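Chemist: So Swiss-Prot says this about it:
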BINDING   D620, E621, L627, D628  Ca(2+) 1 binding site
COMPBIAS  83-92  compositional bias 'Pro residues'
COMPBIAS  110-121  compositional bias 'Basic and acidic residues'
COMPBIAS  499-509  compositional bias 'Pro residues'
DOMAIN    541-674  domain 'C1q'
MOD_RES   P453  hydroxyproline
MOD_RES   P456  hydroxyproline
REGION    19-52  region 'Nonhelical region (NC2)'
REGION    49-517  region 'Disordered'
REGION    53-512  region 'Triple-helical region'
REGION    513-674  region 'Nonhelical region (NC1)'
SIGNAL    1-18  signal peptide
Amino acid sequence: MHLQISLLLLFCLNIVHGSDGYFSERYQKQSSIKGPPHFLPFNVKSQGVQMRGEQGPPGPPGPIGPRGQPGPAGKPGFGSPGPQGPPGPLGPPGFSTVGKLGMPGLPGKPGERGLNGEKGEAGPVGLPGARGPQGPPGIPGPAGLSVLGKPGPQGPPGAQGPRGPPGEKGEPGVPGINGQKGEMGFGVPGRPGNRGLPGPQGPQGLPGSAGIGKPGENGLPGQPGMKGDRGLPGARGEAGIPGPQGPPGEPGEVGIGKPGPMGPPGPAGIPGAKGLPGPAGLPGSPGLPGFGKPGLPGMKGHRGPEGPPGFPGPKGDQGPAGVPGELGPAGPQGNMGPQGLKGLPGENGLPGPKGDMGPVGPAGFPGAKGERGLPGLDGKPGYPGEQGLPGPKGHPGLPGQKGDTGHAGHPGLPGPVGPQGVKGVPGINGEPGPRGPSGIPGVRGPIGPPGMPGAPGAKGEAGAPGLPGPAGIVTKGLRGPMGPLGPPGPKGNSGEPGLPGPPGPPGPPGQSTIPEGYVKGESRELSGMSFMKAGANQALTGMPVSAFTVILSKAYPGATVPIKFDKILYNRQQHYDPRTGIFTCRIPGLYYFSYHVHAKGTNVWVALYKNGSPVMYTYDEYQKGYLDQASGSAVIDLMENDQVWLQLPNSESNGLYSSEYVHSSFSGFLFAQI
């Protein structure tokens, strides 16, 4: 700023004292004298040696002077544009002011995909959403719990799709339904093919109506059947005399027998090997919503291919005004700018030193009318004139200092809702979450309709020998002649206990008696014991209370230690300790204990213990695909500080199951005080 003011003062001084050698810009020629930046060449009167001094360091910026009165408007000049001057030096930094908001910039290029963040915590369970469209068939899940469900209605058969291209040679399929007999062809009979592999054993058919057959002739003795299940011990018969063993007879001719009456259904055979996958059946009707047990978390998948860049997002909200940045480094010297407008006349500067005499130049053309000179002395005050027209707008002043921060304005009205943005690129699937709690066992879905018969497959290769077939139906042969009486045999082992008999008829009703001392709504005493009326409490009867009901929140507790039922339903007296799973008697008397457990995965064997000794056992044999239940109850006489708990006697039968929706519980209460 100080340098520019000095240059303007020198320029004005040259105009005043060197008017004889001044020419208009229109007829001015380029001078050979070089000057500092922003120094216009001009002719000088004196002659001397051309010298160029070194540019001194810029002085400190001076104080801002008062703004002068605008001078009178000059006549329009007709000057020719001068030569383009050298670029000026870098000006001082301006004052920092809050600028106006610029136009929003173009959306930036999509950034590179960032690193996967840390796994977040599991969020709260959301509300169930609306039912979505039916998705594609998924991978068969693990076998769920088989529960008897209500069969749904059979869906209509779907339309047959177009015939696909022939696939690769597959494994032998399940034999299809026999098709209709085709028309007689015209061809040479081919060679008989090799015998195919035996097909898988079909499902057991429904028992047919009893036929009326004729007894056929005895057939050849069949192969010895597989060892059957052990039957019930029969009545001991008379011992016969062992006869001599005869020679084996020759096999007779093959007899043609007639089918006899249908015998009773035989025992279930050995389950056959898993058959080949059959053709895909028609999609069944959607079943009831099940609550399946979530599977184990899968392996982390490979990183997918990089997706295409997304669409530009909507315009963001206006951010807060940033803090003015630090002064940047000096930029490169720019190109020469256009000649600026004529500045205001500056104040008279100090007279400069006399310059050296320059060379005499050629005579110039007569110049144009000079500019208006300095104003003369003040004249006599004249009469006030009429109000003139408003003058032209003055030049803008220098930017002022930054004002104080104003008060926060009132919040503006909400703007209009913007247009809906472009749908973003689908995100990448996150890592599988932790395994959730066991769900409610789902109901068994309905059996789907049979699939369409598949095309006959190509001839397969010879397979390995098959497993032995199921046991044949054992038929009773003709009774042979009684042999001679044999010697008495040794005493046999004791047979297994027989099945429990049917329940007996109910007994006659007993006579109701009212003990002496009984009063309705009050407690009574009998043989030194006090009993409490049903529905009465301690406040009415004066009898103390000791009761608890607890639930197991986690499945499969440890064996040979007390089971810790950790979820409390009622334990106001704190006689049950959930940390140890043990109930401690504080009031001597008769207690009633009951427990209800579930079995899943394996058998369950639970026992009720008193002071380290089992009082009663409960055993349940687990059936695959079902959720079994077992329960037990007992009345126990307890003294003070006696302890009662539930425990699994061994680790082999430890299938005790409990979850959020399937509860295993343990209860007890005092009903008579001794």
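Cβ atoms are placed via backbone N, Cα and C, with glycine included.
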Chemist: Which residues, same chain and not among D620, E621, L627, D628, have a CB within 8 angstroms of the centroid of the CB atoms at the recorded Ca(2+) 1 site?
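Modeler: For the Ca(2+) 1 site, the extra neighbours are H598, A599, K600, N603, V604, Y622, Q623, Y626, Q629, A630, G655.
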Chemist: Within the compositional bias 'Pro residues' (83-92), count helix residues (DSSP H, G, I), strand residues (E, B) and coil residues, in that order.
Modeler: 0 helix, 0 strand, 10 coil
Chemist: For L627 (Ca(2+) 1 binding site), what is the secondary structure state per DSSP, taken as helix, strand or coil?
Modeler: coil
Chemist: I'd like to know which of these binding-site residues, E621, D628, is least surrounded, judged by other CB atoms within 10 A.
Modeler: E621
Chemist: Taking the Cβ of D620 (Ca(2+) 1 binding site) as the centre, how many other Cβ atoms fall within a 10 Å radius?
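Modeler: Around the Cβ of D620 (Ca(2+) 1 binding site), 19 other Cβ atoms lie within 10 Å.
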Chemist: Can you work out the mean pLDDT of the predicted model over the region 'Triple-helical region' (53-512)?
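Modeler: Averaged over the region 'Triple-helical region' (53-512), the predicted model reaches a pLDDT of 68.
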